[in-house]
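Undergrad: According to Swiss-Prot, the record shows the following:
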TOPO_DOM  20-922  topological domain 'Extracellular'
REGION    79-193  region 'Disordered'
COMPBIAS  175-184  compositional bias 'Polar residues'
DISULFID  C241-C268  disulfide bond
DOMAIN    241-353  domain 'CUB 1'
DISULFID  C354-C394  disulfide bond
DISULFID  C413-C440  disulfide bond
DOMAIN    527-588  domain 'Sushi 2'
DISULFID  C529-C571  disulfide bond
DISULFID  C556-C586  disulfide bond
DISULFID  C590-C616  disulfide bond
DISULFID  C707-C749  disulfide bond
DISULFID  C735-C762  disulfide bond
DISULFID  C768-C810  disulfide bond
DISULFID  C796-C827  disulfide bond
DISULFID  C835-C877  disulfide bond
DISULFID  C863-C892  disulfide bond
TRANSMEM  923-943  transmembrane segment
Amino acid sequence: MRPAALLLLPSLLALLAHGLSSEAPITGEGHATGIRETDGELTAAPTPEQSDRGVHFVTTAPTLKLLNHHPLLEEFLQEGLEREEAPQPALPFQPDSPTHFTPSPLPRLTNQDNRPVFTSPTPAVAAAPTQPHSREKPWNLESKPPELSITSSLPPGPSMAVPTLLPEDRPSTTPPSQAWTPTQEGPGDMDRPWVPEVMSKTTGLGVEGTIATSTASGDDEETTTTIITTTVTTVQPPGPCSWNFSGPEGSLDSPTAPSSPSDVGLDCFYYISVYPGYGVEIKVENISLQEGETITVEGLGGPDPLPLANQSFLLRGQVIRSPTHQAALRFQSLPLPAGPGTFHFRYQAYLLSCHFPRRPAYGDVTVTSLHPGGSAHFHCATGYQLKGARFLTCLNATQPFWDSQEPVCIAACGGVIRNATTGRIVSPGFPGNYSNNLTCHWLLEAPESQRLHLHFEKVSLAEDDDRLIIRNGNNVEAPPVYDSYEVEYLPIEGLLSSGRHFFVEFSTDSSGAAAGMALRYEAFQQGHCYEPFVKYGNFSSSAPSYPVGTTVEFSCDPGYTLEQGSIIIECVDLHDPQWNETEPACRAVCSGEITDSAGVVLSPNWPEPYGRGQDCIWGVHVEEDKRIMLDIRVLRIGSGDVLTFYDGDDLTARVLGQYSGPRGHFKLFTSMADVTIQFQSDPGTSALGYQQGFVIHFFEVPRNDTCPELPEIPNGWKNPSQPELVHGTVVTYQCYPGYQVVGSSILMCQWDLSWSEDLPSCQRVTSCHDPGDVEHSRRLISSPKFPVGATVQYVCDQGFVLTGSAILTCHDRQAGSPKWSDRAPKCLLEQFKPCHGLSAPENGARSPEKRLHPAGATIHFSCAPGYVLKGQASIKCVPGHPSHWSDPPPICRAASLDGFYNGRSLDVAKAPAASSALDAAHLAAAIFLPLVAMVLLVGGVYLYFSRFQGKSPLQLPRTHPRPYNRITVESAFDNPTYETGSLSFAGDERI
């Protein structure tokens, strides 16, 4: 028995080990046998008890890198970088970027149309979809494909999914009888998200193992364990074609058609998730779908999916934006041969923003930025106080939001205002009605050595016991300067304090209500007048501090008329400075004639309520060749009140429109240059509410003989040749720097009142202009359209030197069109040094005789008679650095007489054509120059004898005697010799 027990001991230990592993008890270190810890998260391997659990979501994409993230995101980004730099666990697969579709916790997309998100996992797919491109760099994980050992034969079926186990999860002992069997439903939770493996159409699935037999003999039992190797070959149907994207930008490409025909089309999902605080922008680069194919785009991350677009609205160049950081695209194609269609989308993350904060009533808001980190600053109008946060900050989230609610501006009931310079006091609820049972006290205190002036903007109290008291002091005991109980009319000039203080009391009873009061205060120095004020108007002054002698001129806002005062007032009286006239008032009056080209018509007493039983008429007149556009911006009148517009200058003209009761914004156009407006209020009732009435803006516009108004174009502007778009008007469109006009930039208004061309657009310039050719060169271009990054290289012809940059590169600019890196070069004639002149050979000559000869010049040599030229008769200055002569200079050698003549004849016969003309010239000069000299000598001798000796040396003897002429006494004779009567000769004294 003892040997038998020893033989059974290994089998019992193996069974015990398998039982412990199947129950997965937690060890002392906190790890279960079937659980592996990865990056701080526990992920469980599939077990039979967990086969129906959802797949655990684990992303394998690297941490999102945002190129231009907000500073508030640095914490999250740094955390992501640290997680990225941490050593990654060795995984049993190598994902691409983006990976094939993995189950994702994105809401509302796990099940659509009651169909599974992806088909049953199979180890074979009919066709591998085209892998989209992304900027994310895939992880380089290397791991040996695991081997799977199973303990039972595989069940029959068309396909199956085989889980991949980690090496440490492989059973090292004989598996128990309850081994996990692959099923059609696919694995449950695993160490990583399950990814369908892409295989060929016909796949041989081999599960290899070793056959081992262990036998234990005993009295009553025998155990045998066998490992079987099985190979299954299956033909798979089309599988899923879906991906997850988590980068800041990437591409979505349509899947390729299956390699074999199928009765089922593709059903593909593309899930995009970017960093929270960013939205997803998808641009349609190209799309071509078959009839019946569908594409839907939805925004995710909210309580419900947000439909964004479908195949009916997806056109090339269209941009779709998801207001959340997640988006999904679903593509359903037709089976072959009809489908699938093709598409190519690009997506990128864009920064989301907070909504523009609501402007408080009786206040305003200024915003630095609507993006996370931006702030909004609220402030109230004079007389109102801010209730709530003055500053709001936009916080980053899936949908950015303000850190607090928008504040409101309220009119406080009482308060102390110290160092009061200029401001307002309004009753609670103003300009609406105040409430009952109020008791409000305000104390106004001016700066040192200054006084206060109070101006009554409005006082409207109920006729019961409501009361307003203003005291000339700082407490309730000070003497009153105004009491609504005792004064029926308001002081137009206002109130002046004798010191630094005013004390204001406002009280209401339990019944009745009205608009209340609005008081304006201003402090002024001793020896100066107070700052004047006109409601619904403006003024200009000659001095900012209003000393004595200051003049002030008033004007009213459009629609108001100056009343009850002078347009110009002056500060007078040095001892007690004061204005010589009270400030005027600007009011919206009933009726009037207006001849301006643009203006405003207001209901009587606007924005205060108009009176009952009024009948007002306004006449508006513009130039004769124009018409009037009426822009009715506010129309809130009673149902018994009537507002009528007449297309002419009296009440007999055609009625343009007649209105009663409230109405929204609308416009009217007249056909003439005049319009008459009539307002009749119901005598029985009156409007008591604030801003009850109407506001009408009018403008002078051209008649109906004009072309339609042309709109502005994005990234550009228009410039018409004249304001009226009549026939012949030319409108020129231009684009901002960095953009160019696409289409005709010049449009003309034609006879039929239509424009000659379609509206152009401004398109971003993505290429440089042609830099042009350079004379005496050729160029090499990298792209014929010269896009950004293109280069142009210039190469000069032989004999020319390039000046400038030989290579030009097209660079992009943020504030303008792309520009070349440099100007186009020039090819200049290459300059060479001259050759030094050569001396003439002995007994010879050279031509020309110069000290320096330019490159390319030629020297000719010749010898004297009786000498023979040995060498080249002509040599050339060869260009170079330095330049040099083509041959050495020749020499002249003496020759015999016979040889001279023979050699000379031979030389002349062999003389090159280029030197024969020169030698002939030399020969002619040698012959004719002596001849010319001899002729000149003979001519000179002849002239000498003919003029100075009185006879010609060439005179010949005559054949007959010359005639004799007697000399008469009367003839003139001036010979001195004959006058003296003597003739002397050399050597004789007397004859």
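Every residue gets a Cβ built from N, Cα and C, even glycine.
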Undergrad: Is it possible to list how many residues within the domain 'CUB 1' (241-353) are helical, extended or coil according to DSSP?
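TA: Tallied per class, the domain 'CUB 1' (241-353) gives 0 helix, 59 strand, 54 coil.
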Undergrad: If you measure C810 (disulfide bond) to C735 (disulfide bond) at Cα, how many Å is it?
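TA: The separation of the Cα atoms works out to 21 Å.
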Undergrad: Where C556 (disulfide bond) and C590 (disulfide bond) are concerned, what is their Cα separation in Å, rounded?
TA: 16
Undergrad: Just to verify a number: CA distance, C835 (disulfide bond) to C796 (disulfide bond), in angstrom, no decimals.
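TA: Computed Cα spacing between C835 (disulfide bond) and C796 (disulfide bond) is 25 Å.
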Undergrad: So what pLDDT does the domain 'CUB 1' (241-353) average out to?
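TA: Computed over the domain 'CUB 1' (241-353), the mean pLDDT is 86 on the 0 to 100 scale.
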Undergrad: Just to verify a number: CA distance, C827 (disulfide bond) to C394 (disulfide bond), in angstrom, no decimals.
TA: 61
Undergrad: Fewest other C-beta atoms within 10 angstroms of its own C-beta: which of the disulfide-bonded residues C394, C556, C749, C877 fits that?
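TA: Minimum Cβ neighbour count within 10 Å, taken over the disulfide-bonded residues C394, C556, C749, C877, occurs at C556.
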Undergrad: Identify, in sequence order, the residues in the chain of C413 (disulfide bond) that are 6 or more apart from it along the sequence and have a CB within less than 8 Å of its CB; answer 'none' if there are none.
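TA: Looking at Cβ-Cβ distances below 8 Å from C413 (disulfide bond), excluding near sequence neighbours, one finds S427, P428, L438, T439, C440, F506.
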Undergrad: Can you grab the distance from C590 (disulfide bond) over to C394 (disulfide bond)? Cα atoms, rounded to a whole Å.
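TA: Here the two Cα atoms lie 49 Å apart.
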Undergrad: Among the disulfide-bonded residues C268, C571, C590, C707, whose Cβ has the fewest other Cβ atoms within 10 Å?
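TA: Among the disulfide-bonded residues C268, C571, C590, C707, the sparsest Cβ neighbourhood within 10 Å belongs to C590.
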Undergrad: By DSSP assignment, list the helix, strand and coil residue numbers for the domain 'Sushi 2' (527-588), in that order.
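TA: Counts, helix then strand then coil: 0 helix, 26 strand, 36 coil.
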Undergrad: Going by Cα-Cα distance, pick out whichever of the disulfide-bonded residues C241, C268, C796, C892 is nearest to C616 (disulfide bond).
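TA: Closest recorded candidate to C616 (disulfide bond) by Cα: C268.
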Undergrad: How many Å separate the Cα atoms of C796 (disulfide bond) and C707 (disulfide bond)?
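TA: Here the two Cα atoms lie 55 Å apart.
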Undergrad: Just going by other Cβ atoms within 10 Å, which of the disulfide-bonded residues C354, C586, C616, C863 has the emptiest spot?
TA: C616
Undergrad: Using C-alpha positions only, work out which of the disulfide-bonded residues C241, C268, C529, C586, C762 is nearest to C768 (disulfide bond).
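TA: So, of the listed disulfide-bonded residues, the one sitting closest to C768 (disulfide bond) is C762.
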Undergrad: In angstrom units, rounded to an integer, how far apart are the Cα atoms of C529 (disulfide bond) and C892 (disulfide bond)?
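TA: So the Cα of C892 (disulfide bond) lies 118 Å away from that of C529 (disulfide bond).
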Undergrad: Just to be sure I understand the packing, how many Cβ atoms besides its own are within 10 Å of the Cβ of C440 (disulfide bond)?
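TA: Excluding its own Cβ, C440 (disulfide bond) sees 20 Cβ atoms within 10 Å.
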